[in-house]
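Here is the structure we will look at.
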Amino acid sequence: MEWGNYSMYADFVLLGLFSNTRFPWLFFALILLVFVTSIASNILMIVLIHMDSRLHTPMYFLLSQLSVMDILYISTIVPKMLIDQVVGQRTISFAGCTAQHFLYLTLAGAEFFLLGLMSYDRYVAICNPLRYPVLMSRKVCLLIVLAAWIGGSVDGFLLTPVTMQFPFCASREINHFFCEVPALLKLSCTDTSTYETAMYVCCIMMLLIPFSVISASYTRILITVYRMSEAEGRRKAVATCSSHMVVVSLFYGAAMYTYVLPHSYHTPEQDKAVSAFYTILTPMLNPLIYSLRNKDVTGALQKALGRCFSSGRVNAF
């Protein structure tokens with residue numbers, strides 16, 4: 001398709017996170033460190049949950065799925081950033097941009113739904129502990145994960161074809177470090193206001209559905225905790241939910257800023273900084289938050305390290 005003198009399927013140019021940085025190699029080293037830490041910590045979380053029988057519970061099964069999503073999520077964006085920084089060529093093909101756009105929306109949407117449904121697990125564990133094995137059976141856990149992936153896929157399949165069908169006849173330079181929707185729409189030479197309104201409503205629904213589940217679950221949890229007579233029971237209940245609430249606050253807060261707050265309230269530089277937070281930093285922070293604030297995970301890690309050291313000593317002799 002041609003529109004004026006511009007081809008719809010021409011390559012784009014990603015200007016990057018910090019396009020005018022004085023220390024590009026320092027920036028490269030920091031992003032690489034975050035990426036490696038994120039991949040390693042999420043893989044470690046998955047391995048610990050798989051190896052330690054004490055972690056074979058619905059909560060940790062859902063945590064392992066969150067780690068899988070985080071690995072895929074950060075791998076969709078960061079490797080391209082690092083390659084561009086080394087090679088110095090920031091172009092991305094139309095097909096590559098479309099694929100990145102679709103994967104980003106699908107994985108972000110899936111994580112939104114999974115975080116929302118994980119609050120139901122905490123609600124059942126605290127408010128209905130006797131029925132927990134039935135209400136959170138393996139079948140229910142698999143349905144939760146499947147629902148999260150389907151919800152994210154619907155978001156990707158709905159928004160990607162519409163976004164990429166617009167004629168991009170302005171500059172092909174995307175003032176961002178990946179093919180995010182708001183940055184792409186700024187390049188279109190047609191009126192996208194109707195689509196932006198529809199996308200705004202879609203994003204509100206994407207946030208509202210899981211947020212409603214979270215609000216309802218934690219309201220019931222707070223009521224149950226308030227009625228507990230034992231201080232130790234209250235402490236354990238709050239500790240169980242606090243990690244999840246921290247992760248939800250980080251991920252949902254950044255997404256609401258980007259997609260719900262009107263564009264007049266933030267600049268492109270602020271958009272890139274917030275996007276970097278929930279696409280690069282959050283996948284690294286999630287396993288750290290859950291592991292540092294969870295005695296079961298730290299205990300499993302100590303047990304695994306003990307096995308490694310003991311086997312190393314045996315082999316040495």
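Here the Cβ of each residue, glycine as well, is placed from N, Cα and C on the backbone.
Straight from TrEMBL, the features:
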DOMAIN    41-290  domain 'G-protein coupled receptors family 1 profile'
TRANSMEM  25-48  transmembrane segment
TRANSMEM  60-82  transmembrane segment
TRANSMEM  102-120  transmembrane segment
TRANSMEM  140-159  transmembrane segment
TRANSMEM  197-216  transmembrane segment
TRANSMEM  237-261  transmembrane segment
TRANSMEM  273-292  transmembrane segment
- [ ] For the transmembrane segment (273-292), find every same-chain residue at least 6 residues outside the stretch whose CB is under 8 Å from a CB in it, and list them.
- [x] 17, 31, 34-35, 37-38, 41-42, 44-45, 63, 66-67, 70-71, 73-74, 77-78, 104, 176-178, 180, 243, 246-247, 250-251, 254-255, 257-258, 266, 298, 301
Open item on the list: What residues elsewhere in the chain lie close to the transmembrane segment (197-216), defined as a C-beta under 8 angstroms and at least 6 residues from its ends?
Closed with: 109, 112-113, 115-117, 119-120, 123, 151, 155, 158-159, 181, 248, 252, 255-256, 259-260
